[in-house]
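Taken straight from TrEMBL:
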- A:44-67: transmembrane segment (TRANSMEM)
- A:79-97: transmembrane segment (TRANSMEM)
- A:79-197: domain 'ABC-2 type transporter transmembrane' (DOMAIN)
- A:123-147: transmembrane segment (TRANSMEM)
- A:159-178: transmembrane segment (TRANSMEM)
- A:184-200: transmembrane segment (TRANSMEM)
- A:244-263: transmembrane segment (TRANSMEM)
Amino acid sequence: MAQSTAPSAASATGRASATGPAPGFLSGVRVIATRELGAYFDSAIAYVYTIAFVALAGSIFMNEFFLAGRADMTPFFDLLPLLLAVFLPAITMRLWAEEAQKRTIELLLTLPIRPAQAVLGKFAAALALYGVFLACTLPIPIMIGVLGDPDVGRIVSGYLGLVLFGAMFLALGMFTSALTGDQIVAYVLATVAGIALVLVGDERVVSVLDGLFPGLTIGSTLYDTLAVLPPYESFVRGLVELPAVLYFVGLSAALLWANALVLRISRA
Amino acid sequence: MIEVEHVTKRYGSALAVDDVSFRLGAGEVVGFLGPNGAGKSTVLKMISTWLPPTSGSLRVAGFDVEREALEARRELGYLPEHNALYDTMRVFDFLRFMGKARGLFGPRLAERLDWVVASCSLQDVLRQRVNQCSKGYRQRIGLAASLIHDPRVLLLDEPTHGLDPLQVVAFRDFIHELAPGRAILFSSHILSEVAAICERILVINRGRLLADAKLDDLRAQAAERGIDLERLVLEIVEERSGGREAALRGGARPGGGAA
């Protein structure tokens, strides 16, 4: 379109290429992840969320830490599930809903990349931002290590639990974002689902649910199958158990797969 | 390069595209003409692999767009109707992203970036964010993104929308330069625009392909009857749509009955 200085299309490109290139699977995932991570850090989103999360988690924990006076991170790990159920959907709500709202999804999904690559790329970006959240809380174990003699193994397994817990909730948030073209609806759906997954792991909630439908034991069934706290708490106790790892990895994979499926179906 | 065979697209009970067939070979620049809502964009979306057809088959450079979607997309450059772009990215970063997503890296990517930036005259806005650019620039950014991988098939949905008259002229020249070795299908609802670029037009209304003709033939017919080209095309649309009222109504047909 350059009116005087444009190189000739034919001279610059020669004959049009025989078969266009396409990125390999991991390369495609990396390209999408880099763009999404850039979108987070190119706006105020990443900075605001990180500061808010670290300030809230840190201040709640420090209050309890000084009251109890123990070199123990268990209270920190105990308070995070509900906080993450509210915070993580804020990271994921834009990932697909914004693409649908702004119609860039057509641009993205007519590139030579598979829906699975797009899903994994966005997931990797959200996970990386969540990693920044967690990295910003590392001064807490360092401080505890300086002030006392904490169980390092429990701290490490607790953080591993947080990574797996967060990954699952990010996958859940991405799935709800793919289901709706509205970011607010995506946030509300993911938050309600996340809080429900946390609450059905609380024995008081289980008792209430079992009491409501005595013959069905809904509360106990949900606790045994879907509740997120029992597997998470095994990490907090310092145990890395295969069933707990499989719970998080399995549900995360299922939600990511469902996300890719929604992308395919929604185009028809 | 583009083969569309008996393609139909339904949205529920509404028939958006009704048994459309046509072919485009290498080196052809074909205008896809029709009123708003005629089904032009739906056909382009199906060729681009974005929408699956309800029935029929579409092939791009020999690849079936449903079964070999990735292969077809590698051959395609696509400028969608609304030209939605990643608004908050800087123009250069956006084009680089599009290149990488197309599998271009290193010197090849740098070479292609230089070419699309120069060809689409984007030097002045490279450091700006896409949402800071004018409509004309946004259209050129979209065109540059669709050309970054040197595709053999180019689909342009209302590509001159938002361009000023000088840019429209430059665009026509650019399309002529691009044509050798490529199949270019571009949609418009303005006949003069299509006539200035193409040798062949496809006319669609209410989802049905009403005409597939060489412009020279149409011009000859128009001259023979002593009417202008625009009048002739309008008569074709009216006659084959079932009258003026039906022709003007355009859009998808509920129920899908024959027009």
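Cβ from N, Cα, C; glycine included.
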Same-chain residues at least 6 beyond the ends of the transmembrane segment (A:44-67) with CB under 8 Å of its CB atoms are 75-76, 79-80, 83, 87, 90-91, 94, 129, 132-133, 136-137, 140, 144
Sequence-distant residues near the transmembrane segment (A:244-263) by C-beta distance (under 8 Å, 6 or more away from its ends) are 96, 109, 115-116, 118-120, 123, 161, 164-165, 167-168, 170-172, 174-175, 178-179, 230-232, 234-235
In DSSP terms, the domain 'ABC-2 type transporter transmembrane' (A:79-197) comprises 103 helix, 0 strand, 16 coil
